[in-house]
Every structure is written in C-alpha cells, then in structure tokens.
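The annotation active site is assigned in TrEMBL to THR31, THR110. The active site, O-isoaspartyl threonine intermediate annotation in TrEMBL covers THR31. According to TrEMBL, the feature substrate binding site maps to SER77, THR110, ASP111. Marked as domain 'L-asparaginase N-terminal' by TrEMBL: 23-215. As annotated by TrEMBL, domain 'Asparaginase/glutaminase C-terminal' applies to 234-344. Positions annotated as signal peptide by TrEMBL: 1-19.
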Amino acid sequence: MSLKKVFILMLIAITSAFAKPTIYILATGGTIAGSSSSSLSSAYSSGTLTVDKLISAVPQISQIATIKGEQISNIGSQEMNNEVWLKLGKRINELLSSGQADGVVITHGTDTMEETAYFLNLVIKSDKPVVMVGAMRNSDSLSSDGPLNLYNAVSVAVSKEAVSKGVLVVMNDEIHAAREVTKTNTTAVDTFKSPNTGKIGSVIYGNAKFYMQPTRKHTKNSEFDISKINLLPRVDIIFSHSNDNPDFINTSVKNGAKGIINAGMGNGNVYPSALNALANAVQNGVVVVRDSKVGSGETTNPGEIDDAKFGFITSDNLNPVKARVLLMLGLTKTNDPKKLEEYFLAY
Ligand code: GLU
C-alpha cells in the first residue's frame with residue numbers, strides 16, 4: 001500500500017473516531033411541542049410546534065450530536081394509536097439497522113408515553129439507544145421543562161452506557177426503563193416514576209449515569225416482529241370497582257375484543273357478576289388477563305381468584321396499559337393462554 005493511501009486511511013479513521021454521533025429526533029407531538037397564548041395558564045394546545053422548531057429551540061444539542069429531525073405525527077398523545085406506533089416502530093428499525101442513526105430520540109406527549117415506550121421496547125430490533133422525552137409545561141410556559149428534557153434525552157442517546165438498556169424515558173433529570181415507568185401525577189414535572197423498581201439512572205445537565213440494568217427481555221432479544229404487521233388485535237381494558245356490573249365486559253366481547261385486561265381491585269380481585277362475565281369471555285375464546293388498578297405490585301397467580309379454575313392468566317406486575325400492549329403483540333403470535341402467560345413472565 002502506498003504511503004498516500006495509508007495516510008488517507010488514517011485520516012478517515014481519526015475523523016470517524018472524533019465524528020459526532022448522528023441522532024434522529026422523531027417528533028410525535030405532545031406538550032413539549034405545545035404552545036399557549038399565556039405563560040401562566042394551564043390552557044394550551046398540544047402538538048403545535050414542528051420538529052424543526054423543537055430542534056432550533058435547543059441549539060446546545062448540535063454540539064453533542066449531528067441532529068436530524070423527522071415529523072412522525074403532531075398530536076396530543078391522548079390521540080396515540082396503533083397506526084402511529086407501527087409507523088414509528090418500523091421507521092426506527094429502518095434508521096438503526098441501516099446505520100443512518102446511532103440513536104433515536106422520540107418527542108411525545110406524556111399521557112401515553114409509557115405505552116409507546118413499552119411497545120417500542122418490544123418491537124425495536126437494535127441495542128442502540130432509543131430515548132423518549134416530553135414535557136409537562138408547554139413551550140410558552142414560564143419555566144418550561146421541554147428544552148432541558150430534550151438536551152438530556154439527546155445526551156442519554158449519545159451515551160455508550162445507554163446501549164442495550166431497551167427503550168428509555170428521560171424526564172425531569174431521571175432515566176427510566178420502558179417496562180417500569182408510569183405517569184403518576186396529572187401536572188407535576190416529576191410525574192414519571194417506576195413504582196416497582198425505581199429509576200435506572202439520572203441525567204443532570206447532560207451528565208448521564210446509570211445505576212441499574214433492566215432484566216426482562218426487550219429489543220434485540222424480543223421475539224415480536226412488526227415488519228409485516230399492519231393491524232393489531234383489539235384488546236380492551238376493564239376497570240373494576242364496588243357495586244360493579246358485567247355490562248362493559250359483555251360489550252367488549254360482543255364487539256370482537258380478542259383479549260381483555262381486567263384492572264382489578266387490590267391483587268386483581270373482581271366483583272362477582274363481573275367475574276362471571278370474564279369466565280364466559282374465556283369460554284368464548286377471549287384471552288383474559290387479571291391485572292390490578294393499584295399501580296404497583298404483582299397480581300399473584302393464584303390469589304383470592306384461582307386463575308387455573310377460570311382460565312385466566314396473570315399480568316405479573318405489568319400495569320394495565322402495558323399489559324394491553326404485550327397481549328396485543330402476543331396475540332399476533334398465538335392464542336394459547338399458556339404461551340401468552342410465558343410472555344407475561346418473560347417481558
Ligand atoms: N395531553 C397531552 C399529551 O399527552 C398532555 C401531556 C403532555 O404532553 O404533557 O400529549
């Protein structure tokens with residue numbers, strides 16, 4: 001090899017060693033992209049700023065990464081749906097597997113962020129960082145939390161330590177694992193918590209540190225594949241309470257639900273007439289997952305209700321909205337309750 005060629009190869013190696021990672025920001029809407037006519041009002045509209053505006057509002061992110069932006073949707077996350085999930089999941093897989101991106105940051109409303117995070121945690125086929133971020137205060141608010149949250153999210157996405165940790169949620173200086181995180185307060189900036197495990201790391205002005213490792217299967221080790229899927233089966237959530245009735249369960253079955261997550265009382269308990277309706281649902285081929293509305297802890301199998309007797313399966317300690325995501329994906333592969341229960345113990 002000529003001296004000139006060796007020099008050029010060395011130059012390429014040195015340049016790429018110092019090149020900034022490429023991070024794609026995929027914007028879906030939410031309060032982080034929200035605006036208001038007042039800096040002191042809780043009235044505002046979600047999803048009004050475009051991805052370019054979000055990026056230009058935080059020029060510091062371009063110092064740590066080559067930033068590219070794409071608009072996936074621009075909605076309040078209460079409008080999130082399977083179509084956007086599938087589009088988002090497929091696009092992230094494409095960006096990460098082609099090498100176009102070293103990591104992805106998704107801006108998202110906080111209302112359903114935990115659901116999207118867990119969905120992506122199960123369908124992304126890469127160990128590169130995938131980080132979700134939002135804000136509790138819109139861009140016009142006094143002390144808006146969006147800009148620093150976005151800077152911290154990009155910082156986590158370029159961190160070597162974020163590799164192989166599954167999808168992460170970065171909010172309010174904390175890093176949470178997708179399976180564990182949930183929104184716990186309607187308005188507070190420290191709304192995101194992981195009640196069963198705690199946060200897995202922190203990120204203070206871009207300085208990311210991890211203290212824990214998610215142990216349940218995710219991303220590269222997940223068997224769920226959306227590459228050829230355009231529709232997901234209907235799974236409903238039913239909320240249990242005193243003096244309950246079977247009507248919602250019967251309506252759900254009548255309208256073609258393939259699965260029901262019952263957000264039961266305490267350790268997954270159910271009012272007698274509703275319990276009967278759930279047992280009938282199983283007889284009609286609907287998969288019933290016994291879960292809890294409590295917000296933390298396991299739904300044990302058996303508990304006061306013997307799942308084997310009714311043909312139910314247990315959610316382990318997944319909350320109802322995440323159990324819905326796992327059951328939808330599980331039902332794309334099997335209807336066998338035994339196999340589906342294995343998923344609940346593995347993911
Ligand atoms: N409904 C809004 C959303 O989820 C508000 C929550 C937020 O982004 O903070 O998009």
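Note that Cβ sites are derived from N, Cα and C of the backbone, with glycine treated the same way.
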Report summary line: For THR110 (active site) and SER77 (substrate binding site), the CA-to-CA distance in whole Å is 7
Query - DSSP-assigned states of the domain 'Asparaginase/glutaminase C-terminal' (234-344) in counts, ordered helix, strand, coil - result: 44 helix, 23 strand, 44 coil
Query raised in the report: With every protein chain in view, how many other Cβ atoms are within 10 Å of the Cβ of ASP111 (substrate binding site)?
Result: 18
Query raised in the report: Of all the Cα pairs drawn from SER77, THR110, ASP111, the residues the record ties to substrate, which distance is largest, in Å?
Result: 7
Query - Distance, SER77 (substrate binding site) to THR31 (active site) (CA atoms, angstrom) - result: 9
Query raised in the report: If you draw a 10 Å sphere on the Cβ of THR31 (active site), how many other Cβ atoms land inside?
Result: 28
Report summary line: Residues lining the substrate site besides SER77, THR110, ASP111 (CB within 8 A of their CB center) are GLY30, THR31, GLY76, GLN78, MET80, HIS108, GLY109, THR112, MET113, GLY134, LYS183
